[in-house]
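Below is one structure, written out as C-alpha cells; the observations come after it.
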C-alpha cells in the first residue's frame, strides 16, 4: 500500500516500513538531495489530527539535544500529515533488552545516564514527557549507542498548558500520583517512569506486575499504589543502585528523588561519560541547513489543513490495532482485571 508522494516537490523516496501503531505508519525515507535517511511518521488526515498530535509536534519542535530524536519538519500529503524526524538506526532500547534478557549494571547505567540527560533537558525546557518507556527510547547505530527519546504525543509544557491531571502513559510505568486523577507534577512523575525503565534494564521484568499474573491490570495498579516491588535473588546489583531505586520508587512525589538529585547520586556519577558531564551548559540550538526550522505559524497552518480530510482519504487507510496499550483516558483502579497491561515479562527468563 503506497503512501502518496510528499505534496508537489516529492523530496523523499521510500526505503522501507519501520513501524505502525494507532497513529498510522512510520517509514524510513531518504532525502533525494542530501541522501540523508529520515524517519517519517504518517498520520491520517481528519479526526486523527487531534490535540495530542499538535502537542507532540509543537513540543518536539522546541527540543534540540543529543539524547532526543531531532524534529525536522511537518509536511502534507493528499491523505496524511507527515512528521519528518531524525532516524535512529539502532531501533528500540526495548528490543535490545529482549535480545539480551537483561543488562549488566554497567550497561544499564550507561543508558540510564543518557536517559536522565535527555529528560533533564526536557524539564529545563519546561516540558514533561509523561510517557517515558523503553519503546519510546531509540538508539543510534554507533558501537556505543546514543540513546534518543522519542514520541512526545503525551508531553505537556508548563509554558503552554496547565499542570497535568489526566491519566496518560503506559500502565507498567505510571506513577502512583498519576492514578489519583488530581493535579500532579509531571516532572516528578517522569522520574518514576525513569526508575521503571532502569528496573526493567536490570531485571528484565516490570517492577509492579505480578509475575504469576502479569495481565491483571487491577493487581498492577494496586502494587504501584503500595509500591510493592522486589529485586529477584538472581539479579546481583550494588547497594548504591538499590538505594537509587528506593529513592525513585516513593509513593509521595514530594519525597521522591528529583532529576537534579539523581544527577548527583553516587551510582549515577560512576563512569559518567565526559560528553554528558557538561551537556547542561551547552547550547544545541543549531540549525540544519537542509531543514531550516519551520515557524510555529507555518506548522499550525499545516496542522489546521491536515484536520480536513484530504481528497482520496478513505477514513480507514490503516488498521486500528496497536500492540502496546497507551492510556488516553482516565484510569479506574477498579477496572476489569482482564484489561491487558503493558505486557508480560519483557523476555522469558
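Even glycines carry a Cβ here, placed using N, Cα and C.
These numbers come from a predicted model, not from an experiment.
Look at Swiss-Prot and you will find 131 tagged as active site, proton acceptor, backed by sequence analysis. Reduced to three states, the DSSP call for residue 131 (active site, proton acceptor) is coil.
Non-local contacts of residue 18 (ATP binding site) by the CB criterion (under 8 A, 6+ apart in sequence, same chain) comprise 26, 27, 28, 39. Under the heading ATP binding site, Swiss-Prot lists 18, 19, 20, 21, 22, 23, 24, 25, 26, 41.
Taken from Swiss-Prot, the feature domain 'Protein kinase' applies to 12-268, supported by sequence analysis.
Taken from Swiss-Prot, the feature region 'Activation loop' covers 151-177.
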Packing count at residue 26 (ATP binding site) (other Cβ atoms within 10 Å of its Cβ): 18
Cβ neighbours of residue 20 (ATP binding site) where a neighbour is any other Cβ within 10 Å: 16
Model confidence over the domain 'Protein kinase' (12-268), averaged pLDDT: 87
